[in-house]
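Step one of this worksheet: look at the structure below.
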Amino acid sequence: MTNHIAGGGNPPGPEGDASAGIDVVLVTGLSGAGRGTAAKVLEDLGWYVADNLPPQLITRMVDFGLAAGSRITQLAVVMDVRSRGFTGDLDSVRNELATRNITPRVVFMEASDDMLVRRYEQNRRSHPLQGGHTLAEGIAAERKMLEPVRATADLIIDTSTLSVRGLRENIERAFGGDAAAITSVTVESFGFKYGLPMDADMVMDVRFLPNPHWVDELRPLTGQHQAVSDYVLGRPGASEFLQTYHELLSLVVEGYRREGKRYMTVAIGCTGGKHRSVAIAEALVGLLRSNSRLSVRVLHRDLGRE
């Protein structure tokens, strides 16, 4: 049964043959309808994506994925109509994969003629089937050629009124699995005297907290030691700050998820990156890990530099 998505509908497509050891998705459809964007989303979700592989190479790639020790368990291949034998090529791939007990899912991307014309005119590109004809004629020829493919597709996505974000959400619901639910967050402590982290999405300065450096028994220790952590987190306002900042980050992470961003680096800085920033980073990681939708790691950039 074909699933048809227009605008913000709910996918999800049929399940692939998990017993075969590799899941295969063939992304096809009308030129300009968003095949490349769909492929990029699949890549972000951890799929191995190949663009316009010849049919015989698709089956070889699958064989490689089935081989012992291969890390390719999800393969997405973008197929277009550069070859006049495209429909036969797709049937050939399906038949070859069937001999390996694999039933690929076919995603068909489409859009209205008006929207396709607008996209081509905005990008000032010619249609692959246009030749010496008009753009509208090229689109019509492709639509007719792909009618048999569309009729047997597992998932049809109409991008006429879909934003990039909307397309991403539909692809994630259909093919994301656990990967679509996980955002990777790195909490990085650092010392301002060594410079700001270049890869930070957010930077927080915790130099407003008293510095354990001026406590003789704490000076040789780091924020990873319990005594330093207790000292830093026990200062007035420290626990309130930590809780409030955690709530703020939770809102930001959800915003990142809605925008399709799956990676985030939060930098926590103090003077030398040894005491306060380390203690706060460790405590923040503990709070963030309570969210099962996050994959959280901690990095202490400047620890040990003194």
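Cβ coordinates come from backbone N, Cα and C, glycine included.
Cβ neighbour count for G36 (ATP binding site): 15 (other Cβ atoms within 10 Å of its Cβ, all protein chains included). Secondary structure from DSSP puts G36 (ATP binding site) in a helix. Here Swiss-Prot flags G29, L30, S31, G32, A33, G34, R35, G36 as ATP binding site.
Under DSSP, D80 (GTP binding site) is assigned to coil, being neither helix nor strand in the three-state scheme. According to Swiss-Prot, the feature GTP binding site maps to D80, V81, R82, S83, an assignment based on sequence analysis.
Sequence-distant neighbours of G34 (ATP binding site) (same chain, 6+ residues apart, CB-CB distance under 8 A): M109, A111, I157, T159, L162, L167. The Cβ of G32 has fewer other Cβ atoms within 10 Å than any other of the binding-site residues G29, G32.
Shown in sequence order, M109, E110, A111, L116, I157, T159 are the residues of the chain, 6+ apart in sequence, with a C-beta less than 8 angstroms from the C-beta of A33 (ATP binding site). Counting every protein chain shown, the Cβ of R35 (ATP binding site) has 23 other Cβ atoms within 10 Å. Cβ environment of L30 (ATP binding site): M109, E110, A111, L116, I139, E142, R143, L146 lie under 8 Å away, each six or more residues apart in the same chain.
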